[in-house]
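Before any comments, here is the structure.
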């Protein structure tokens, strides 16, 4: 920020709620007074044209009535005002006013007053041109080297340059490759029009080339125009500046040197006549306008650059010479000679603040008032400092952002799941093909201890489960108040969910404006997705869970699935999922084991998890603290790999459908273009079965879209099954290796990194990267493996062989005593943690382990490892 403000010489505010832009300001001796003093011409988007001649008695005076020479409303928005020699037969200056669809040229004249009211000014319309196209901006100059008069060039919104030789229309030309209009100016030294196109490049067009080019009465060239005589509009030179331009200006203070200045969004450029860069300046602010003017130093050019920080910077070439503060954001800046004062800076803001200022060196500094001096009590300050330091120390002890105790929370949310299913199901638009789809009611209560502003409750369950309403918005909650909502959860998709859990999140603001979040989880009953059924003796997949306690009767732990009158359900129980599959649960009468079996591997997960949870709750009620579950069987890797392959195959199909859709869409658009060309042709030609080809392509696009949509649904079901099987694998590995809670969390983060599968980031590549990281850190065999670098980019693999190989190696190293850890020093301590260390595994041995008889992967048990260690 500058120490000095722009010294206010004269200022005013134009109208009320009027808008102004870059072309609305112009300074010139528009009334041809011959005194050498400029007048300020301002046009607004409301159609008001004003002409000022500031004559303050002393600097800083406001506007006086006689300062406003003329004010007239022209009924149409004024886009730009310019002053030049626009009328034939005279070299006097006239005012050109550009409207959206009209160009008007006025003569401004003054009449000497005989009374104290002063002189009277008026404008007279000399001629006007009605435009066939909507105008954007204009420029003027002696096009073609004419003497004593100026011609006008108007750029339309659709890229046409319309040239007017004063009272008559000359010709119009379309700019090639046009998209959006940019700033436009004229260089008299090279007789060229210079603009900045939408391609972010400066383009120069010779006037002679435009004059002899093919006429452009229509936007689209016909075949006859292409074959007729004439030249196409060609660019003289092009310079890519890489950004959009705000303004462009040509400066030629002497006949030898001419420069093109371009103000970009982050730079301003000075170019030579041939388009070469003379110099450029990178700006560290967002500019709003600029104007080059003559410098006192020979060979240099001064530039005024205004920005959106209300600053006006003065540059001499690329050197910042001065910076001053403005009271508004300028959208246009000019340099004028007013009342024998040369170099007055005239600025205009978008809301009509017009100011004439000069650069001064008398700073306007704020002086703080004197305060009454008093003696400082250092003992009180020291005691207060110690108290504050104590509070800061207590506050920095805890690193957790959220409070650990609910008694300190401002808002508490609780969810209560009904123990019984709804008597009348609330399922809506369910895809399940079962006769009845049950639902369960969840009651959510919000208790606020403080004033909670704009509380918003979101209830979420994982698909294919769904809720009847997932968003609730409340009014502000008063202290010690509560709100209760009721919703129902049901199975919407035609596949079993991977989790029977949901969560509620409440976002709100406290009176100080700080946003906070409260959340809670709830568990849904198993009866929501399955019902009792007859047990099945035969099954393709079986797992056995060992416990250290005698088996418990199913009448005790599954009272909602058994009939108390039937004693045969005490040790065997059948579950029928809503999707149609069955799962059987058996308890051994002689050993402490439970067997879960089903025809589908993923169906084992929910029953196994429910069994372990209910057993833990049962023994917890009996105050039994040493209950534990273990797994000593073989990990079903081969069956798990089949689910991975199925999911990956569907992902590949999705990519193929996407490619085919793109090809057919390109073909469809190409046929459309050809048909449109045939229909637009003045001489009808046979369609040559293009309509039949279009219809056939359309049917193929619809069929491919339907197939892609069906494949997307299959991908979702396959991913849900894969998540269920992955949860089962995590549980079996944790029970097999007796992993701690921290290690189980690492395992879940490794195998379940994604809540949903997307085409950009899939499950296979993410899990492969996570497992590879663990194999090179906490499960590495040597420092050589730790030195291997991982790819920083995740992309879809060609197949799943590498992933399956890494999963097998991961389980093998866990079987040899490896432990999961994310600490940096875990790799160096691995030799002491792993019993006997990790010996190098030959690749041939690894391949033999991958193909395991019986569709299961076998690993040595803890007893075998201990026996191997004891052998010499």
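Every residue, even glycine, has its Cβ placed from backbone N, Cα and C.
Annotated by TrEMBL as coiled coil, the relevant range among 315-342, 343-370, 371-398 is 371-398.
Residues in the domain 'PTHB1 GAE' (435-522) partition by DSSP class (helix H, G, I; strand E, B; coil) as 0 helix, 55 strand, 33 coil.
For the domain 'PTHB1 C-terminal helix bundle' (739-814), the model's pLDDT averages out at 81.
Secondary structure of the domain 'PTHB1 C-terminal helix bundle' (739-814) per DSSP (helix as H, G, I; strand as E, B; remaining residues coil): 43 helix, 0 strand, 33 coil.
The residues of the domain 'PTHB1 hairpin' (634-737), classed with DSSP into helix (H, G, I), strand (E, B) and coil, number 92 helix, 1 strand, 11 coil.
Helix, strand and coil counts from DSSP across the domain 'PTHB1 platform' (525-632) read 31 helix, 31 strand, 46 coil.
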